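Notes follow once the structure below has been shown.
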Amino acid sequence: MESKEHKGLSRRALFSATAGSAILAGTVGPAALSLGAAGLATPARAATGADGSVAPGKLDDYYGFWSSGQTGEMRILGIPSMRELMRVPVFNRCSATGWGQTNESIRIHQRTMTEKTKKQLAANGKKIHDNGDLHHVHMSFTDGKYDGRYLFMNDKANTRVARVRCDVMKTDAILEIPNAKGIHGMRPQKWPRSNYVFCNGEDEAPLVNDGSTMTDVATYVNIFTAVDADKWEVAWQVKVSGNLDNCDADYEGKWAFSTSYNSEMGMTLEEMTKSEMDHVVVFNIAEIEKAIKAGQYEEINGVKVVDGRKEAKSLFTRYIPIANNPHGCNMAPDRKHLCVAGKLSPTVTVLDVTKFDALFYDNAEPRSAVVAEPELGLGPLHTAFDGRGNAYTSLFLDSQVVKWNIDEAIRAYAGEKINPIKDKLDVQYQPGHLKTVMGETLDAANDWLVCLCKFSKDRFLNVGPLKPENDQLIDISGDKMVLVHDGPTFAEPHDAIAVSPSILPNIRSVWDRKDPLWAETRKQAEADEVDIDEWTEAVIRDGNKVRVYMTSVAPSFSQPSFTVKEGDEVTVIVTNLDEIDDLTHGFTMGNHGVAMEVGPQQTSSVTFVAANPGVYWYYCQWFCHALHMEMRGRMFVEPKGA
């Protein structure tokens, strides 16, 4: 392997640096202080160009689907206006909609929950997690292009992934992934369609995590997971060497790839940054599928697992050395090149995926797949692409976005005297993910780039110690990038995608009465001989369990009142029979911590205990009618023994 001087940050620099201060001379490698490739383009001050505004009553050109990090929800924005259009609760408990409290949402949370998780939650008085750390949102693909069926997202906090239906923009499935810990990187298969969603386990732990070997790091392992995107269950898993960070997939359906910043399997920051080189893991999908089909796997916690660690010398994986603590892993729309950001190295490594067959079947030297390694600046994290062969990489430490040309970087790596860097733009501040419109598909556009900055500092009015993030809109239609908008966002978007509305023609404004979301609720109603598709006001008592069926048509509930006994478990089932767009109802039970959304033609239900005797008003918390305030009724709770 070619020997190259390591030009990243020293370990001392890493420990002494803070995100809020620049890393100056003496704390960076010599490349950053020389007139190397990274220094040839003069950074431009962020300038104001076309403002990207959308007039009242006009629609945005694109949907933006945002993660929210520790808030646990998905957000929908309009691009270029950057107006927030909707929040879709996923892993979080949502007070507005009742997500995480309605019976329908609890079933989705619990469907794949492990017994260990149920035990942990029960010990803390819970049925489900009420938090999540949602980093990445990606859409399903067909033939390398978005197909508008599903959106997928991860939960790093509780080792889960979720699926949102694009026709109603509601979560329809959550999967807890066994054996792995801390699902971070997550990408759908691009070709021929998203049969799989690939998920990276970031955190190291024993596979048999029962406390018997918890101090023996030699028993720790990381897991790469393929989730069946249609069945929403684990298809197979691969043991790997090192940990897993971000991932992506190719445009032929042959490969998936993941970065690893902890090839050392270190347990401390110093140990994790010790090596000059880490790696990218390449997964051979066909070989893994062949082994699974032939029964050549071990079953661990009900999952089929193959061994792709280095010492296994299998055809499942190959490891390509990359400097240093690599992070972003982004496949270009040219179908050929994978860009891996160095994070602690000022470089992005460009891999030619057409050379991967030789790594597996011809014993080619791992770095033979490297075709470019441009020096771009300090702290490269992620790369986005336009449709003209250009790449855009975020530089966390430099607080910049750098535009560079992939073909010219390859020519420079081969020895040609050419500078692939086309432009640099200051952003505010410390950028992480960035995305062009449709840039992770074969339909990459050339108009807008969104850069998600981790710090806003002085860009907005001071709102206290916790500041908003800053999502910046950048015009990339010309030769130079132009900053056109600052967008404050609540904690903490990590990633986003931008999608043409033409891909989403089937978004509904009114629910289908046969929707599977409330199928189990309908089954219970049928057992109770209640028709929830018609006006109903039934009350069913089953011991100390009471089911109250009611219909809502603005501005009234079919049940002006109902009576239960102290200590009863009460389930209220509400069906909104209005068929008008945007006529959402709600049901809130006063002084019981109960509230839920009931969209037009939707059925929703919620269960609670009526613990105290007395009169309690329920009401519609959505403003659905001029007589909205009058849309209410009483629950009478009779004292025990009355």
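Going from the start of the chain as shown, residues are counted 1 onward.
Quick reminder: no glycine exception, Cβ is built from N, Cα and C everywhere.
HIS585 is the residue from HIS585, HIS592 that Swiss-Prot records in the Cu cation A1 site together with CYS620, CYS624, MET631. Within MET272, MET331, the residue that Swiss-Prot lists together with TYR261, GLU264, ASP278, ASN325 for binding Ca(2+) 2 is MET272. Note: the Cα of HIS327 (Cu cation Z1 binding site) and the Cα of GLU469 (Ca(2+) 1 binding site) are spaced 20 Å from each other.
Checking each of the binding-site residues TYR261, HIS382, GLU469, HIS494 against HIS136 (Cu cation Z3 binding site) by C-alpha distance, the shortest gap belongs to HIS494. Cα of HIS494 (Cu cation Z4 binding site) to Cα of HIS135 (Cu cation Z2 binding site): a distance of 5 Å. Neighbour list (ASP278 (Ca(2+) 2 binding site), Cβ cut-off 8 Å, at least 6 residues apart, same chain): GLY242, THR259, SER260, TYR261, ASN262, SER263, PRO321, ILE322, ALA323, ASN324, ASN325, PRO326.
Residue environment of HIS327 (Cu cation Z1 binding site) contains 22 other Cβ atoms, counted within 10 Å of its Cβ in all protein chains. According to its DSSP assignment, HIS382 (Cu cation Z1 binding site) is in a strand. Between the CA atoms of GLU264 (Ca(2+) 2 binding site) and HIS184 (Cu cation Z2 binding site) there is a gap of 19 Å, rounded to the nearest whole number.
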